[in-house]
């Protein structure tokens, strides 16, 4: 998962020096229609595409916080001038009230839409059906606040390292402390949006991230951050959270606190605030130097297919193995970032940041799938492609292929003349399997694990996009980056046929003369033997496998079973007299 820049703006006001304009807070309208930004003494309203719609100048000092009600009918801003202003989406002021000190944070109740605002010495509740603002004294500064999902309790993060649980009338119902007291200043907290349970994510200046129940019990173990956090934000589905602060990068974690890596870096400034779009597909950051930047979230598909078994990554840390014919699924919880997956026969390899875990299918063909750990290779590998065989794993990095046994010992390596684009295990005896390797140069090689000499099979005019070999290993189909499909007989080294506008191809695992391929404009073509294909069958996605009369097609991140319409193909055989 990574961020791709969508738009960026450096906020500058003519009468203020650049280094005085900081973006301390930002939030989205619940439907994503507006982005509200606290920049210096002003509240800026942006369109989601980065167009500045309006500037609100009602505050007389730096604006520390902004928040939008879940019903989308109002938002609020709080500032160092001790005031809170409630606004309509049409940017009209509804109400203004004061605190005794600088306003630090605020949050709307997700159920009643009651506003809670907090300062150095007090916190207050306001709701549209009550004229008076209810204020309550507190002995230490409130840095952060968040309501529970049912709206019954307000969670306060305090500068003395405590977390205070308050009722809707301000009564303290519970309190627990972070180790370190004031040196563990709780600067940011949020309740996980998942409604099944109330879990509080806490980021404190002991440079740790921790998760707690309402009673204060820690869930899992605390995680070292390595910097002072300023903001903790959950994704709308609650599966992940982002932590930012006194560093120039965004750190991505699962809801259990498993570190997934850096979502974005190199911002050259502290990141005060992160707002995730309600659809969960983009986020916006606000920086100390006045930068506001919006990023689209891109998540790569990590998956592998062998015949009718499909393995894919879910929630970044789990592996799901699905039997595409029976629909049976089994989940493996890896509790770490799954970087790559490979599957072959009864073997499954999962690459994690510091190791490769090898699993073995221990159940029979007709029994429920059950995978057990066979080996663990406690090494960190840098590779772009990974395949697994009966007794080895093969790693690819640029032009180099490395074959390692299940103890992580290098057995053999090959250096190709061009970058490797595609690898497929073509089968063979255990320990002597063959690999098909497609290069950026367009060359296709066959490599055997017990032989140091690669054998060139064929070449195409452009970089290899994908390839496959038929069941009896006599024919090969290759698709290049120009969309050209080439099918050759390996034994006689002759061209059988070709097509254009193709993005994927696969042979039938049950019938060695049948293949199907998908077109870049949509549709799936079936070809058997030397007979020409009929009109493409309607289908969206790319074909990645073919077993009998069922094609496996990938649409986005989801695999679909597509029954093939073979009636027209059968009549081709009848018309050609190819029947007994």
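Glycine is no exception: its Cβ is also placed from the backbone N, Cα and C atoms.
The domain 'IFT122 first beta-propeller' annotation in TrEMBL covers 22-193 (among others).
As annotated by TrEMBL, repeat 'WD' applies to 56-87. When pLDDT values are averaged over the repeat 'WD' (56-87), the model yields 96.
Positions annotated as domain 'IFT122 first beta-propeller' by TrEMBL: 197-297 (among others).
Residues or ranges marked as domain 'IFT122 second beta-propeller' by TrEMBL: 303-559.
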Helix, strand and coil residues within the domain 'IFT122 first beta-propeller' (197-297) as assigned by DSSP: 0 helix, 57 strand, 44 coil
For the repeat 'WD' (56-87), distant same-chain residues with Cβ under 8 A (at least six beyond the ends): 22, 24-31, 33-34, 36-45, 93-108, 110, 113, 115, 117, 119, 124, 126, 128
Helix, strand and coil counts within the repeat 'WD' (56-87) (DSSP): 0 helix, 17 strand, 15 coil
